[in-house]
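Annotated features, as they stand in TrEMBL:
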DOMAIN    172-474  domain 'Phosphofructokinase'
BINDING   GLY179, ARG243, GLY244, GLY268, ASN269, GLY270, THR271  ATP binding site
BINDING   ASN269  Mg(2+) binding site
SITE      GLY270  site 'Important for substrate specificity'
BINDING   THR297, ILE298, ASP299, MET342, GLY343, ARG344, GLU398, TYR450, MET451, LEU452, ARG453  substrate binding site
ACT_SITE  ASP299  active site, proton acceptor
Amino acid sequence: MALASPVDYAGTFTSSQKHHSFVMPGCNGLRCSTIGFGNKSRAAGHLVVRAMSMDRPKLDFSNSNWKDQFQEDFDRRFSLPHLTDIIDVESRPTTFSLKSRAPLENVTGSSEESWNGYVNDDDRALLKVIKFASPTSAGADCIDPDCSWVEQWVHRAGPRKQIYFEPQCVKAGIVTCGGLCPGLNDVIRQIVLTLEKYGVKNIVGIQHGFRGFFEDHLAEVPLNRHVVQNINLAGGSFLGVSRGGASISDIVDSIQARRLDMLFVLGGNGTHAGADAIHDECRKRKLKVSIIGVPKTIDNDILLMDKTFGFDTAVEAAQRAINSAYIEAHSAFHGIGLVKLMGRSSGFITMHASLSSGQVDICLVPEVPFTLDGPNGVLRHLEHLIETKGFALMCVAEGAGQEYLQRSNATDASGNMVLGDIGAHLQQKIKSHFREINVHSDVKYIDPTYMLRAVRANASDAILCTVLGQNAVHGAFAGFSGITTGICNTHNVYLPIPEVIKTPRLVDPNSRMWHRCLTSTGQPDFC
């Protein structure tokens, strides 16, 4: 992927995305470095931003036709890969209809003209819906220094009138990768039910992520309505999960040997990178195989999407830990409650859980640097809270403050750097600090990390999982491949996988949501 030259201009804010790198699971440990936006500095009293455009042309804003150039590039990047791009395949009228209890047989299409339940191929949804008047507006996401409005349309998700597979001949596979996440079973269940609605009879689950493609003892799991009927009532993954995997070539060899026509891949950024590599290899081999991603991450860190499934449940589950820490802190003399939540590079769980609680005094996330010592540090603010209200409650994301910890070169199976324990570090720092100033403190540290992801999906996530599972199947039958499905500005859309894995989505310190969090906690700037 080529990077265009940087575009520099003063006072323009594009995003707070930083530089990240990750390893594609199943890609032989291939490390993919990605550069986001927002290398910020302050000069002469105003904000200067270097906008690092990824895979975009260098825009000359003095050229009156720059919008056309941007639009052309956007349309190219967000065009959805289709089976007909590489092979000759004829479409046929769909077998999907809500007017019949069973899949439609021998349809000509004319009988369904009266039902308006299909999505037109030319339907689009807006990717951005706010027109910012100035780059200094909170959360401003501008293309040019004047914040000009440019429409950015993406493909609407849903069932099409024409499909590109014969359902009776389809063999579909489902695989869940990475870590656990509330809602995995809901998505598996809905994919199976929707496939059956089209008339697919041969559905299998691949056990324990991409590992199931090459571990001989991990047999395919036959799936049907009766098998998956109640799996959504429990947390975890009915198919099991794992990180890492075999080479892409080996996985595609296995896909061919299994005669899979569709593969639904449930996972986060790394898993989607692997799914995109599998899609590319299938295209090179000119295989009629549709690879569809379903975004799964409780961290809510996938680009362009309103939220990912499991996030709402994780925020809700975090409340139990936060409430317990609050009671401990409030009940003790000079009590300090400290809760560490999940979030390697993105602090969405911590921010939203703090907002939801309403009791948190200090919220620390990876995207916002903080100092511990000094007059503007976290420890001094804790002193102030003890002096003024008698207790304090802190919430910290696991990836926050890693600069205070000794770094190791160790990585997990997905290639992610093993983090230091910021919660335990803060606990010791707080205790030693109050001992040094001869003030009594009672610190209670709670780490509910894995409790957040092992629970059953709540009602909100269950609905989202249902929609995502259905749209994944609709996208496969529509002939798309190398795409993922999600919600953008409340609308369900299809997006090319490369556009959502360029960098993790991060909390924007200039966003209204972060400002709301600061208003709720009342914390100062710890710089």
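Start at 1 and count along the chain as shown; that gives each residue its number.
Note: Cβ is positioned from N, Cα and C throughout, glycine not excepted.
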Nearest-integer angstrom distance between the alpha carbons (Cα) of THR271 (ATP binding site) and THR297 (substrate binding site): 10
Largest separation between Cα atoms (Å) of residues that the record links to substrate, namely THR297, ILE298, ASP299, MET342, GLY343, ARG344, GLU398, TYR450, MET451, LEU452, ARG453: 16
Binding residues GLY179, ARG243, GLY244, GLY268, ASN269, GLY270, THR271 (ATP) - maximum C-alpha distance in whole Å: 13
ASN269 (ATP binding site) and MET451 (substrate binding site), distance between Cα atoms, whole Å: 22
Integer Å distance between the CA atoms belonging to ARG453 (substrate binding site) and GLY244 (ATP binding site): 19
When distances run from the Cα of ASP299 (substrate binding site) to each of the binding-site residues GLY179, ARG243, GLY268, the nearest one: GLY268
Closest of THR297, GLY343, GLU398 to GLY179 (ATP binding site), Cα positions, binding-site residues only: THR297
Count of other CB atoms lying within 10 Å of the CB belonging to GLY179 (ATP binding site): 22
Closest of ARG243, GLY268, ASN269, GLY270 to THR297 (substrate binding site), Cα positions, binding-site residues only: GLY268
